[in-house]
């Protein structure tokens, strides 16, 4: 295969491992056993490659191909002093590492620099092209459902526009593995062969355009800007390139790259952006040399394949001149020039691909082809699968219409060939995707119609899954997003334990949370998906497999007391008062216990003496139904501090280790009283093998919980109080007038309180996708709004281009920006210049996180502008409701425009009185600061009714001590024409 000119070879530096140390392939493999339950997978980890060529990682095979002339000691190697030469006989399959903005990452890949040369021209390597355009894939288990959906959307995008096919791997030797590695976005170029090859989708790389770009490398593309003819089309601005990254802009020699006759493509998804590896975000490193349609063409897009990308891929994989990939749930296609006959020597292929779990009905509505024995000359052929070697369902010619064809899976291959000109019509066919059906396999995938895009309205799909006798059916959800409703009345997925609609109901599911794993009691499981005619969501993706219950065997998996079956495995556990022995099967006596009294006490082992090392004690406290348990510590002393890494006490609502956590405590500070969420509580004490302390003593008591029965009648959250309860709604909802139900609130908020808390929608759960919320905060005039972040967990991106919170210094989004925030690092407090602040939160349709929690308050002082319109200024934010607080010092600078002075009119003035105004006072200065002439210090009943400045500004200072407080002051200010002299009137 000639190396396709959409990724650079980057002949920057070849970095070798230490001389004298043999290469061990085990050093460059990564175990996927924990990521994929189907089987352990080993592939070479590009982050541990044997060598690097610029930002390209090389393995042993690549090293042999490159015939390296010189080795370099890694320990002695420095980025600026190395000079290594390599012979490059051909285009090899080498990983290219790239970050979220189209730039190679400065990490394990592409971190060394130097000089190199090629002694021989690149040769054609046809083995790097995927045979028949079929690329098997595996997605590692460490990705979320939304990430998997993005990967599938990107693969379907390539399939839609080319003849490449991405197929879930079964037993193929060569395939790609989507995984998460430190290299960031990193993938091999072309087919490596001889086993799996990694495509790393690292941190912040899980965006549609970025994944499409990385799949371009898998298909066989190099970066566009390294073509030999690039200097005719773009200029490299070398003075703007980051030091040490210049080698990323080398171009390839004419004999090293094959552009397949395509012109330079500014719009290619494989092109670097204008500021790639730039010293600054606004400095260009690549600039187009000429205009296209009157403007300089944009470069570096990560939105979709360009026309040039599509044309080049179709040439590389020798796609038929006619035909296409059909992915809609219904559609039609016909022979060329239908119904006016077709030309000789035509070859067309249509690939029909619908959602896994669906089948295809293909119906020929018109057929008029040259008839021959065995349809030898002109024919249309249908195969039951994804390629030309799939099982043949029929070869047709003549004019007799075939019976409708139903696929056994979600793909059909339709091929048309002609050998002569024919005056007949040709053919016309229609197809439709049908969901549901009988699934008799031990392993497989089922997805909602049209997944990962929104499912279709008014669909009813029923799947009957059957695995081998003697096994159970296991279900694991990869992704789940179905229209939410409290009782799943509209759209839902229903799962039943059997093979019919009358079987035992396991659950009816909707919303955005993935259901727990499901296991049938027999070898059959029944699934039903229903959508109504209105709101459509992304749907679901689920894996099914045969599952055996080890705990049902006579020896209960070898467990002495309890055996807990899990999907794909099992684990042993012990009764309360016992703990697992080191062999993880036997149980031995332990501290703790199972307590059902309404009140009592618990202590650490050995109390009141020091507790022993290596103890693990669990107390399970259970009260009657409708009661809650409160735990109060009388004494507390354990090893540790805030980290609680060594010895600690952990308190949870519930009886299991994954119940709601109230707190993890250590050190010498007594925890506050803890009240359980339900009628049970779990208290766990752990000590390590080093320092021991006195431990703890605590007592517990019970109180009736009205929320435990029918949630107190509350639709969402019920909060128990001693002797009563109250209903509350989550963020994004408000309480109904009946004080029990919740109704959805708008996401545009007006906040007028002087202080409070603001959270992202659905806090503390993940915020929904495609959401935009605003908060317009207004405070008392003269007091600036201050925003302090308590928690921050928003999808991260260097420029916060995806999900983000934006803060504006004013009443709306037209005001100056104070900051745009994302990621998990808490921003510093944000302070407005005035009494208004505007917040806007935005989420896209992919990754969701917990969101943010922030408090807003006020800070006195600042600069305000006076004009002809009268404005107000108050001594404190809660003026009229409370006295001013003690211990404050505030300064306001009131500024008028040039040629105007400032007029102050006091409406209210009540400040602690003292002869010299030495305690609380207001002070006025005729200027910007306290060096200006002082107009006076006032307390008690206050200054004159009106005050005029001699200049264009007035400084107002207010001070209070920490004792007596009063009502404060309220003044109004305007701008006036300058007076000849400063004066005041009463």
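Placed from the backbone N, Cα and C atoms, the Cβ positions cover glycine too.
Residues or ranges marked as active site by Swiss-Prot: 214. In the three-state DSSP scheme, residue 214 (active site) is classed as helix.
Residues or ranges marked as Zn(2+) binding site by Swiss-Prot: 213, 217, 223. Residue environment of residue 223 (Zn(2+) binding site) contains 28 other Cβ atoms, counted within 10 Å of its Cβ in all protein chains.
Annotation comment: Swiss-Prot describes 90-104 as compositional bias 'Polar residues'.
The annotation domain 'Peptidase M12A' is assigned in Swiss-Prot to 121-320. Across the domain 'Peptidase M12A' (121-320), the prediction's mean pLDDT works out to 86.
The annotation domain 'CUB 2' is assigned in Swiss-Prot to 435-546.
The domain 'EGF-like 1' annotation in Swiss-Prot covers 547-588 and is backed by sequence analysis. Look at the domain 'EGF-like 1' (547-588): DSSP puts its residues at 6 helix, 16 strand, 20 coil.
For 704-743, the entry in Swiss-Prot reads domain 'EGF-like 2'. Through the fold, the domain 'EGF-like 2' (704-743) approaches residues 486, 625-628, 675, 678-679, 759-763, 765 of its own chain, all at least 6 residues removed from its boundaries and within a Cβ separation under 8 Å.
Marked as domain 'CUB 5' by Swiss-Prot on the basis of sequence analysis: 860-976.
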Around the Cβ of residue 213 (Zn(2+) binding site), the count of other Cβ atoms that are within 10 Å: 29
Residue numbers, six or more beyond the limits of the domain 'EGF-like 1' (547-588), whose CB comes under 8 Å of its CB atoms: 37, 470-474, 476, 517, 519, 594, 616, 618, 620
Cβ-Cβ neighbours of residue 217 (Zn(2+) binding site) (radius 10 Å): 26
Count of other CB atoms lying within 10 Å of the CB belonging to residue 214 (active site): 26
Number of helical, extended and coil residues in the domain 'CUB 5' (860-976), per DSSP: 0 helix, 62 strand, 55 coil
